[in-house]
Amino acid sequence: MSILSVKDLSHGFGDRAIFNNVSFRLLKGEHVGLIGANGEGKSTFMNIITGKLEPDEGKVEWSKNVRVGYLDQHTVLEKGKSIRDVLKDAFHYLFAMEEEMNEIYNKMGEADPDELEKLLEEVGVIQDALTNNDFYVIDSKVEEIARGLGLSDIGLERDVTDLSGGQRTKVLLAKLLLEKPEILLLDEPTNYLDEQHIEWLKRYLQEYENAFILISHDIPFLNSVINLIYHVENQELTRYVGDYHQFMEVYEVKKQQLEAAYKKQQQEVAELKDFVARNKARVSTRNMAMSRQKKLDKMDMIELAAEKPKPEFHFKPARTSGKLIFETKDLVIGYDSPLSRPLNLRMERGQKIALYGANGIGKTTLLKSLLGEIQPLEGSVERGEHIYTGYFEQEVKETNNNTCIEEVWSEFPSYTQYEIRAALAKCGLTTKHIESRVSVLSGGEKAKVRLCKLINSETNLLVLDEPTNHLDADAKEELKRALKEYKGSILLISHEPDFYMDIATETWNCESWTTKVL
């Protein structure tokens, strides 16, 4: 029996259709990968099945009493609560049961023998439920999940409103896993996780007995935990049994078969039309022409989906920089307290350096310190001459009400509208996306708008903080190619070895200089 059933679903935003009469089912224990290019509607689908969005048409039916857990990175965390408090909120229904049990105990003092027996039965039922749901080992469960996702390193007594976006996501994911719902809905859970914690989450999901729906552009991760694919493309939702690689094989075969059938049909249509045109006027052949016309009219025409624009990234070079990019002398980074021991680092022209290591140890802080956005606690940074820097930040917090055209135009006022549109199209954005406000775009589309601005700026140093977060497989592959081709210097933070190992001329393990206990 289906835990979730979606029938005849259609939805769109304005004149932009997202889904057209699609169906979906989820059975107990299925591990589903929901895949598709940026902007095809994966997150929209999640919002519809969780009731955050009302579909234009169609039915969404959950089986009764099913508990659904959704990793929503926009959840507001209550000020004044510690990480531990939020994680223990996962068991709020058990604490409510304990409260109910304590109230029953209070009633026992005044109960007659018959009432007492009834109350003891009620207490027994609650006691069993608490025991079966690990109520008496909650603290150790919280500690176990917190360790697995690296929250213990941050400190469980820390106020949740002081956390970075990545740390907030970890807290929300940990709470969700502690809730153990019948269904997990995970929208890009690895975006803010480092390699160690991605590996932990991978093992957790591989052993997860219940069902989940996972959106992820990290293909090795996705492939290791799913047994079913739903592919979102051209307003359709198609089911494939197997992992991502098996899906790609079947998808390519189906695509080739459809193209061959389309070509054959187009040839037949051309021949029929030609026959009708040549023979409809003659009395002797008019009946045959009418017969061919009827065949044409009844024909189910095969339609090929319009090819989505593939991104093309070509970074504009600035003049050659000096030999030195930067050199640090006894640099100590941090805000209120040190995040590093004194650092003596040097980068020279042409180097492509990937920084890796656990979350929260100061990788982003190091980048901002090298760029001069944060003052060091101690030591100094010497920057080279003729450096033209392009900086891609991991998080952009402010709401952006510009259209994509306005956003890029504000950076390049000398461009014509045609040039702006062409630049955005080269980043894989369609006309509908280009004319939309940045605030309504998906995470991947927003990243492409930011990349568009970076690509069209003249640079000889790229500083990139997790640039692949939210990018679909095509965009990620094209970005990798463009960075390998780039003639300047690169300083890159990434949690994906599959991405950075092909680009980097050397890697720096930031765990070797952090003051954090790992």
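Every residue gets a Cβ built from N, Cα and C, even glycine.
Annotation comment: Swiss-Prot describes 4-260 as domain 'ABC transporter 1', evidence class sequence analysis.
When secondary structure is read from DSSP and collapsed to three states, G357 (ATP binding site) falls in the coil class. What Swiss-Prot records for 36-43, 357-364 is ATP binding site.
For 324-518, the entry in Swiss-Prot reads domain 'ABC transporter 2'.
Within 10 Å of the C-beta atom of N38 (ATP binding site) sit 25 other C-beta atoms, taking all shown protein chains into account.
Under the three-state DSSP scheme, N38 (ATP binding site) falls in the coil class. I361 (ATP binding site): 21 other CB atoms within 10 A of its CB, across all protein chains. Looking only at the domain 'ABC transporter 2' (324-518), the predicted model's pLDDT averages out at 92.
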